[in-house]
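As written in TrEMBL, here are the features:
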type: ACT_SITE; residues: His178; note: active site, proton donor
type: ACT_SITE; residues: Glu309; note: active site, proton acceptor
type: BINDING; residues: Asn83, Arg84, His178, Ala179, Tyr180, Asp245; note: beta-D-galactose binding site
Amino acid sequence: MTEVRREVFGQMPQEEGGGVVEKFILKSDTVKVEILSLGCIIAALETKDRDGKFSDVVLGFDTLEGYTRKHPFFGAVVGRVANRIAKGRFTVEGKEYQLFLNNGPNSLHGGARGFDKVLWSPQVLPNGVCFFRLSPDGEESYPGDLKVWVTYTLSGGELAINYRAQTSKTTPINLTNHAYFNLAGQGSQDVYDHEISIEADAYLPVDDTKIPTGEVAAVQGTGFDLRQPVELGKHLQKFHLDGFDHNFCLQQAQARRLAARARHPPTGRAMEVYTTQPGIQFYTGNNLDGSLKGKGAVVYPKHSAFCLETQNWPDAVNKPHFPSALLRPGEEYNHTTWLLFNAA
C-alpha cells in the first residue's frame, strides 16, 4: 500500500507569478518520496540501507527559496527539450526557430524559464500524483500548444515516472527528471565508492560545448564501457576522466528495459533504472562546486552526486540520423521510467 499526503510547501514570489507550491509525500514500506508542484521536483527520496536505516538520497533544498534561486535543476522535470540544442536553433516544417541561449552558445533544458521553473496543476491518485500543464504556443520560442502530464506513482520499492504530451503544431520534445543521487545519503562528499553499470554498447562523443559530434561510437575498449559494474572513482582515475556528461545509446525499443544500475556497497543501497527511452545521460555532478548550501546546510562539492537521466539523444532535432525528437498533432508522446530501489 502507498500512502499519499499533500501539504503546503511555500508561496512563489510575486515576480514569479505568485501561487502556492504544494508538496506531495508518497510513502511505501521501503521508500518515501516528496514531490513539489513547482517543476515536478523530487525534493527528497528516502530509501533503506541493508540495516533498514532510511536516508535521503537526492540533493536539494529544505525550503522553497532554494528552488526559486538559480540551481542546477535539482530533482526537476526539464523541458520542453531536455539537454542541449546546438546554437539554440532548429528548423521544423521549413520554419527556423531560435531559442534562448543559456549554456554557452547552446540552449539547455528548455531555455530561460523551462518546465522546472513553473507551477504545475496536481491531481492526487491512489498511489501517487499526476501533474498537468499547458505550455502555450511560443513559450520559450517553441511551436505549438503543448499539453503535458507527468505522473509519479510509488509501488513498494519502485517509483514510476510517466510523461505524456500532445501538441497543436509539430514541436521537438524531450522530457526527463534531473534528480541528483548519492546512495550514501545526500550531503556525502563524493560518489567515488559507487558502482555504476550502463546497458549501452555505444555512446555519443561531444564537442567542447557538449554537443554530440554526430558520431555514434562503440564503448568497447574505452572509458565509456560501463556494461560491467565499475567503481566510479577508480574508473575515472584509470581513464583520466574529469567525469561523465554523456548520452549512452540504449537499445531502440518501446518496451521497458534495464538501462542502468547504481550500487553503494558500504550501505548496500542499490538503484536500477528501467525506461522506454532511447538514451540515458550519465552526469557525475562535474559542475557542482561547493557553493550551494543544500538540505541540512550541507554543501555539495564536485562529484558529490550523479544523474541518470533517461531521455532522447541530445540535439536530435538537428541530427536526422538520431531518434526523432518531433511530436506531431494527433500523436502522443508517452514514455515511462522506473526507478527500483533495494538494499542487500
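Placement of Cβ uses the backbone N, Cα and C atoms for every residue, glycine included.
TrEMBL entries are annotated by machine, without manual review.
Cα spacing between Tyr180 (beta-D-galactose binding site) and Glu309 (active site, proton acceptor): 9 Å, rounded to the nearest whole number.
The Cβ neighbour count for Arg84 (beta-D-galactose binding site), using a 10 Å radius over every protein chain in view, is 24. Of all Cβ atoms in the protein chains displayed, 25 besides its own lie within 10 Å of the Cβ of Tyr180 (beta-D-galactose binding site). Each of the recorded positions Asn83, His178, Ala179, Asp245 was scored by how many other Cβ atoms lie within 10 Å of its Cβ, and the smallest score goes to Asp245. Between the C-alpha atoms of Arg84 (beta-D-galactose binding site) and the residue listed as 'active site, proton acceptor', the distance comes to 13 Å. Cα spacing between Asn83 (beta-D-galactose binding site) and Glu309 (active site, proton acceptor): 10 Å, rounded to the nearest whole number. Between the two most distant C-alpha atoms of the annotated beta-D-galactose binders (Asn83, Arg84, His178, Ala179, Tyr180, Asp245) there are 18 Å.
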